[in-house]
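Can you read through this structure? Questions will come right after.
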Amino acid sequence: MAVAAVALGWQGITVACTLAASLIVMGFDLVGPDLVFGGLTALYVTSGIISIRDGAAGFANTGVLTVLVLYLVAEGVSQTGGLDLAMNFMLGRASTVFWAQVRMMIPVMVASAFLNNTPICALMIPILISWGRRCGISPKKLLIPMSFATVLGGTVTLIGTSTNLVVSGLQQEKYGTTDPSKVFQFFTITPYGLPYAIWGMAYIILFSKWLLPGEDAADDLNYGLLVPRTSPLVGRTAKAAGLAGGKLTITGISKGHRTPAVPYTPDMIIHEGDTLFVTGSVTAVEQSVKSFALVLLTSDDDVARKSTPGAAVFGAAAADVEEGFDIAASEGTTNLLQVNLLKGSQLVGQSVRQIGFRGRFGAAVIAVKRSKALQPGRIGDIVLQANDVLLLSTGALFDASTEDFTKNFTGLMYLDEALARQFTTAVRVGKRSKEAGKTIAEVGLRGINGLFLFEIERADGSLLKAVDHNTVLATGDVLWFAGDLDGVAYLQKYTTLEHMQADQVAKLPSDIIYRRLVQVVVSHHDLVGKKLKEVRFRHTYGAAVLGLHRSGQPVAGNISEVPLKAGDVLVVEAGPEFATNFKNNRAFSLISEVPNSSPMKRSKMWIALALTVAMVLTQIIGGAIDKEVIHLWPCAMLTAGAMLAFKCLSADQARESIEWEVYICIAFAFAVSTAMEKTKLALAIANVFVALAQAIGGQTAALACIYLVTALLSELLTNNAAAAIMYPIASAAAEKLLINPNIMSVAVMLGGSAGWILPYSYQCNLMVYAAGKYRTKDFVKIGTPYHLWLFVGVVLILGFGERWQVPVIASLVFTGLVILLPAAYEYLLNDSQKLAVDKKLHALSISFRRKRSSNSGEEALVEVYGNGSSKDVSSDAANNAAYSNGVAAPASLGHRNRSSAGGVA
């Protein structure tokens with residue numbers, strides 16, 4: 001069937017030209033989409049292309065208004081801590097990247113199906129960073145998958161994402177009065193969105209481990225870990241002891257002092273004095289050193305076998321090695337940091353040993369990274385080059401401000417938790433605290449960005465200065481933290497610990513829904529030399545002090561008993577009137593409110609959850625009886641109103657939660673969509689798709705093309721803008737090819753949410769981009785094949801049309817196998833069975849590498865492991881036929897795999 005040509009008048013040509021220009025403007029982020037669509041609407045109305053009513057129709061569309069109100073509902077749930085409680089319960093514990101992603105993605109997708117994905121993403125970022133670090137898994141392996149999971153979950157129901165509501169609103173405008181069957185209900189998209197989400201999750205858990213980056217500071221670095229006699233690894237395999245897994249990769253093992261090493265195999269028994277050569281992140285090494293009482297070797301080759309540098313870097317867990325020199329023991333501080341060697345540094349051309357880092361800078365070199373080639377030899381013998389990246393363990397004598405340090409190094413970045421902190425704050429394990437009876441690691445108080453637990457005051461008065469992650473908390477314990485503002489806010493929002501100033505907070509005159517954190521700087525007047533208790537701070541200023549910062553150092557003792565000094569920074573909890581009343585008070589030189597710092601209203605949590613569940617149930621019941629009980633928009637309005645009435649959130653929080661730019665953008669996009677339809681521009685473009693679909697093979701080809709073009713547009717524009725532009729084109733193509741309009745609209749919905757390649761294509765991507773310190777190429781690396789993977793899924797899913805049961809069942813079975821097979825290995829097999837499976841997989845891996853090896857590859861292996869023989873290697877390693885000639889110990893540690901160099905003794 002030939003496709004009839006469409007003649008465009010001056011109106012259609014005008015819309016086409018201005019729309020093309022606007023795509024370029026938005027694609028280069030020159031002007032925001034809300035302003036672009038607003039300008040286009042003004043132009044089209046002024047020129048008579050559309051009427052004033054058409055231009056303003058988007059602002060009154062029930063789909064757009066629903067988007068607006070759902071922001072309030074999501075904020076109400078977030079402010080009461082209900083979502084946080086559910087997520088922490090679902091996450092549990094995970095030992096590998098695979099299980100961490102499975103545990104994270106499923107609850108996030110479920111939550112995102114019923115709540116706006118933006119507040120879910122904002123809430124999950126601090127939770128996942130903390131959870132990932134206490135599980136020994138880099139947050140970089142979790143944050144992008146979490147962003148993608150919120151988008152995938154949003155495709156499952158009508159309210160999951162604003163894109164769905166935009167397309168639904170456009171379709172209701174077109175068919176609402178003529179054919180109610182074409183109006184989207186709550187679960188109309190579910191038969192297609194559910195397999196799409198499952199298919200997308202399968203890709204993440206299967207491939208993202210290799211596509212996502214690790215810790216920037218030390219991912220893919222090799223370390224040497226000495227096994228002392230007190231280590232639980234002695235006499236066991238790494239697998240049986242729990243060391244081998246997703247946290248660290250063991251690449252080699254040296255049996256005894258300065259003996260050659262062989263590549264590690266799963267059946268090797270570890271003995272006292274062995275050195276394990278491992279690859280992993282700083283976080284993973286830190287946890288392994290503490291958990292298995294290992295010693296991290298440093299650049300001091302002459303004392304490496306009898307010193308305890310592990311303690312210098314990671315605390316007292318490694319300090320059971322009795323002999324030798326220890327930075328931490330002798331200098332009393334523990335910092336791990338990264339620096340870059342300047343191009344003109346006088347250290348260039350000298351070896352690490354010649355420089356004498358310990359005496360000159362108060363630091364020991366742990367690893368060296370170099371961008372181009374592997375450097376053989378011990379780290380002490382490595383000759384430094386310009387732009388080398390050094391990982392240092394520093395002591396109390398270290399001073400980054402000295403002239404000697406600043407003229408040689410740049411790019412200083414702290415890596416471990418004992419950084420120079422800001423505020424000191426204390427919390428108590430109360431009678432109702434869920435943390436009582438659990439270890440520090442179990443309650444997630446280790447590895448939290450911006451928070452460091454430096455002391456515990458027991459209920460009996462004893463003090464724990466070196467807090468191990470296995471320390472069990474008891475009722476009455478007081479935990480002293482040093483942390484930044486985010487860390488202080490985390491303690492307030494995400495734990496059930498009682499702040500030491502809780503009694504003062506409870507007496508504040510302002511209601512909890514109006515309170516926020518405020519940062520104040522003590523001036524030279526009034527408060528200097530006085531204690532908070534003496535000045536009756538709460539009574540005088542109507543605020544409770546939660547934290548104190550003094551020149552970057554933790555301040556021990558009860559905050560209320562500490563004499564204040566000029567320049568001290570206090571974090572206080574106060575009502576909105578505090579900043580206004582005291583902005584000119586001479587006691588304070590600066591007052592600054594901390595954004596998004598309102599305390600959780602946990603007493604209202606169940607009210608907010610119950611109201612949200614009731615809202616969702618009305619839509620589920622309506623779908624089940626095929627009769628609308630109450631429209632989603634007024635239902636969401638009632639839910640938000642009830643949350644305000646029950647004080648789940650304040651009016652200011654409700655107003656601030658609304659993304660007004662999104663509302664304006666969507667409303668004006670409706671006008672642009674109307675202009676495309678009325679000028680027949682949409683029909684003309686649709687004819688191109690129709691002709692292409694007829695040439696390729698019909699309806700499935702058309703659906704695939706619409707999805708693909710919408711997805712590509714969503715990478716350049718906002719998802720809502722892409723959907724609004726593509727809907728009239730898709731609708732016209734559906735009519736031409738006799739495709740069910742609902743299925744064609746689903747293609748637009750799915751394509752509009754497919755912003756995977758660029759961090760700027762979706763708001764959730766942008767949020768994790770900053771929080772995870774990703775680079776654009778990280779999104780490109782995982783997002784490009786993801787587009788192809790999901791495109792194949794869309795072709796299969798939409799190709800079955802109304803026979804949606806087939807892709808739903810197939811996707812469930814496929815993902816079930818992906819998850820159940822590893823689960824069977826993890827939970828059904830005993831250690832010996834796991835070891836047998838590991839050996840078979842290892843043998844297959846070796847066989848595969850042999851077939852693909854070349855002379856250059858073998859030379860590279862010799863370069864990494866050295867050239868020698870493995871005399872005196874224990875029998876469990878010597879029997880390995882693959883290395884019967886022996887391989888020398890790794891020539892150096894601290895290498896970046898394939899490309900970087902460095903090492904430790």
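Glycine too: its Cβ is placed from the backbone N, Cα and C atoms.
Dumping what TrEMBL says about this protein:
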TRANSMEM  30-50  transmembrane segment
TRANSMEM  57-74  transmembrane segment
TRANSMEM  104-130  transmembrane segment
TRANSMEM  142-163  transmembrane segment
TRANSMEM  183-206  transmembrane segment
DOMAIN    209-295  domain 'RCK C-terminal'
DOMAIN    322-408  domain 'RCK C-terminal'
DOMAIN    412-497  domain 'RCK C-terminal'
DOMAIN    503-588  domain 'RCK C-terminal'
TRANSMEM  606-625  transmembrane segment
TRANSMEM  631-648  transmembrane segment
TRANSMEM  660-676  transmembrane segment
TRANSMEM  682-709  transmembrane segment
TRANSMEM  739-758  transmembrane segment
TRANSMEM  779-800  transmembrane segment
TRANSMEM  806-825  transmembrane segment
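Mind mapping these onto the model and telling me what they sit next to?
For the transmembrane segment (104-130), the list of distant contacts is 70-71, 73-75, 77-78, 83-84, 86-88, 90-91, 139, 142-143, 145-147, 149-154, 156-157, 159-162, 197, 201, 204-205, 444, 447-449, 486, 490, 494, 612, 616, 657, 659, 763-764, 767-768, 771: same-chain residues at least six beyond its ends, Cβ to Cβ under 8 Å.
Looking only at the domain 'RCK C-terminal' (322-408), the predicted model's pLDDT averages out at 72.
Same-chain residues lying 6 or more positions outside the transmembrane segment (606-625) and placing a CB less than 8 Å from one of its CB atoms are 73, 76-77, 79-80, 82, 114-115, 158-159, 185-187, 632, 635-636, 638-639, 642-643, 646, 648.
Outside the transmembrane segment (660-676), and at least 6 residues removed from its termini, the chain residues within Cβ reach (under 8 Å) are 15, 19, 32-34, 37-38, 40-41, 44-45, 49-50, 54-59, 61, 64, 67-68, 162, 166, 169-170, 173, 682, 718, 720-721, 724-725, 727-729.
For the transmembrane segment (682-709), the residues of the chain that approach it from at least six positions outside its boundaries are 1, 3-6, 8, 12, 673, 676, 726, 728-734, 736-739, 743-744, 747-748, 750-751, 754, 791, 794-795, 798-799, 801, judged by C-beta separation under 8 angstroms.
Within the chain carrying the transmembrane segment (739-758), a Cβ under 8 angstroms from the stretch's Cβ atoms is held by residues 148, 151, 154-155, 161, 163-164, 166-168, 171, 175, 182, 184, 188-189, 192-193, 196, 699, 702-704, 706-711, 713-715, 719-720, 722-723, 726-727, 730-731, 733, 765, 776, 779-780, 782-784, 786-787, 790, 794, 798, 801-802, all 6 or more beyond its ends.
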Counting only CB pairs under 8 A, let me know which of 57-74, 631-648, 806-825 has the most with the transmembrane segment (779-800).
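Answer, by Cβ pair count: 806-825.
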Across the domain 'RCK C-terminal' (503-588), what are the DSSP residue counts per state (helix, strand, coil)?
21 helix, 23 strand, 42 coil
Near the transmembrane segment (142-163), which same-chain residues lie under 8 Å Cβ to Cβ, leaving out any that are not at least 6 residues past its ends?
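Here the qualifying positions are 66-67, 70, 100-101, 104-105, 108-114, 116-117, 120-121, 124-125, 128-129, 131-132, 184-190, 193-194, 196-197, 200-201, 204, 208, 212, 619, 632, 662, 666, 719-720, 723, 749-750, 752-756, 762, 764-765, 767-768, 771-772, 774, 778-779, 782, 786.
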If we call contact 3 or more Cβ pairs under 8 Å (sequence gap 6 or more), are the transmembrane segment (183-206) and the transmembrane segment (806-825) touching?
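These two segments touch.
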